[in-house]
Every structure is written in C-alpha cells, then in structure tokens.
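A single structure is presented below for examination.
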C-alpha cells in the first residue's frame, strides 16, 4: 500500500504542481504591480485623484463582466468543436496565431529580467519605430529573445520550449484579465467547471471520441513544411521539421520517460484569475484598515483568523485540488477534468472564510471603490 500511494504522484506531477503555482503567484503580483503603476500614472497626470479598483484605465487590461462570464464557456465549446471537426483546415492559421500570441506573452514574461539587465548600461528612454510605436531597450531585448525562442521551437518542436511559451501565455492572461467581484468569479468558474466536465466525461457518448483530449493532444503541421509544399521548394526543404504540439498546455516527462504529465493552461489561468482577485482584495483591505487606524474586524472572529489572508487560503486550496485531480487520474487511469477539483477546492474555502470574516457581501459585488491614499510598489 505504501509503494502504491507513493506511485500516485511522480516527478512529472511534482513539476506541474510547482510550475503552475509559481505561474499563478507571479502573474498575480505582476497584475497588482500594474494596478499600482496605473494608479501612480493617474496621480502624475493629476486630473483626478488616484484610485485602486478592479477596472484599470489601461486599455490593454480586460475586465470580465457577468455577461462575458456566462458566455465564455459557450464560446469555448464552439471553439473546441471547430478544432475537433475542422482541425486539418485551420491548423496552420491556428498555429501561426498561437505563435504570435505566445511571442508577445513570452516577451511580457521576460520584460522584468531584461529591464534589470539593461538598467546599468542603457537609459529608459523610448526609441521610436514610426507607426510601430515607441519601445525601450528592455522591451526590444525581451521581444527579440521571444522571437528567437519561437523560431527555435518551430524548428525543433521541443516540449521544453513549448512549455516556456505556455508559461508566458499563463502569466500574460493572469496579469491582463481582471475579475471585478466574487459574483463574476463564481459565475465564470462554475460555468467552466460544467464545460470541463461535459467535454471530458460526456463528449465521447455524442461524438464517439473524447473531444477535449483529442484536441489537446493533436499535433499540428509545421508551417515551414506547409510553406515548402505550397511553394514546391523541393523534397529536402522544410520536410524534416517536426509536427508541433501547440502551447495550450504544460507537459512534463516522467522520470522514466514512459509518459508525460499534461495540464491545460486554462486549468492554471482560470483559478489564477481568482487568486489575482483575492490578492488585490487583500491589498485593498490592508490599505483600508491602515487608513482606519487598524480598526478590528467582526467581534465573533478571532484575531488569528483575521490575519489569515484570502490569497494564501485560496492558493492552498488550488494545490490540494490539483493534487486530488492528479491522484484521481492515476487511480482511474484516464484524463480528468481538473476544474472539477480545482473550482470546489478554491471557491468553497474562499466563500467560507469571507462569510466568517464578514466580507462576503462586500466581495460579492464590486468590492473596490475609490481610494485616494498613496500606494507602494510590490517587488516581484
């Protein structure tokens, strides 16, 4: 029994756990830093007082509302069916679009490192590229490294490079997408739970195939190979490049190399958006308490309970849910809808703690309001 329990989680699952948690934490703090940067820019412009809220004035940040949360699982289902039935027709276009998005996302992931490297030897002045815009040396360096990585991935198809691009997509999506309230979070995650369960467990009864697994694991033709065939460049040009597994997932090989552990980026990003929301709420509540001279919480809650942050509670729930999903997949020897385990293990502890702390009503509907106090940057 001991050896069997130990075998339920191997090195590939441990790698998945650690990487997914690091991506969520890093993306959440990048998101919070972006809020602080936008707030300070508003203060510098000084047309109005700065405010800490979920709806940033940055045009690149997208806030999901209730309608979008309800229709997102439907849109995802339609996209899944298109990929299932017409993959051969759209695979090249989809591969190119994914590569472009992954390039931009990985450049965003590398940007802090490039800023650190170029700070001693280069001013932060932006260089103009005409209609393309103005960019700093750090932005140009991160974009160049990202393009180089994508080109190497296209030529080799290596799983490690695909994972790097998927990590960039995860961080960028967590940083640039906002959940404004707990109500929207519950709507979104509940809908995606139903979506995940249906397409993993029940799609085979309708389509005679597990739609989710087939789309996630189906490799696409390499664009170089397709281009060489279209242009008739000869049998030896572009024909030895591998087919590409698209960066919509993280994969890690087991210690024996007999199988890969796979986790879709949606199983990282969607709970990550919830983690990002509670981190911003923890910071907002901390600032509000400091402005009110440390006013105590509800009388029926102990001081120790008040010190427990929503972020740590939800992050622990995410880890336990991911561990449960992994154990279930090893026991049943079949793919499992990860959100079936992640959503209850993150939402239920969060709702319980919010109720006990007396914050549930405030968190449920637009918890962030105008705040004129100054804020400090968080170092990531």
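Cβ from N, Cα, C; glycine included.
Sharing the features that TrEMBL gives for it:
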TRANSMEM  12-29  transmembrane segment
TRANSMEM  69-87  transmembrane segment
TRANSMEM  93-114  transmembrane segment
TRANSMEM  135-154  transmembrane segment
TRANSMEM  160-179  transmembrane segment
TRANSMEM  186-207  transmembrane segment
TRANSMEM  260-279  transmembrane segment
TRANSMEM  310-332  transmembrane segment
TRANSMEM  338-356  transmembrane segment
Let me check one thing: do the transmembrane segment (12-29) and the transmembrane segment (338-356) come into contact, meaning three or more Cβ pairs under 8 Å with sequence separation of at least 6?
no
Before we move on, state whether the transmembrane segment (338-356) and the transmembrane segment (160-179) share at least 3 Cβ pairs under 8 Å, counting only pairs 6 or more apart in sequence.
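Checked: the transmembrane segment (338-356) vs the transmembrane segment (160-179), no contact.
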For the transmembrane segment (93-114), could you work out the same-chain residues 6 or more beyond its ends whose Cβ comes under 8 Å from its Cβ atoms?
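Same-chain contacts beyond the ends: 83, 138-139, 141-143, 145-147, 149-150, 153-154, 164-169, 171-173, 175, 220-223, 244, 246-248, 380.
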Cβ under 8 Å to the transmembrane segment (160-179), counting only same-chain residues 6 or more beyond its ends: which ones?
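Distal contacts: 19, 23-24, 26-28, 30-31, 34, 54-56, 60-64, 99, 101-110, 146, 149-150, 152-153, 185, 188, 244-252, 265, 268-269, 272-277.
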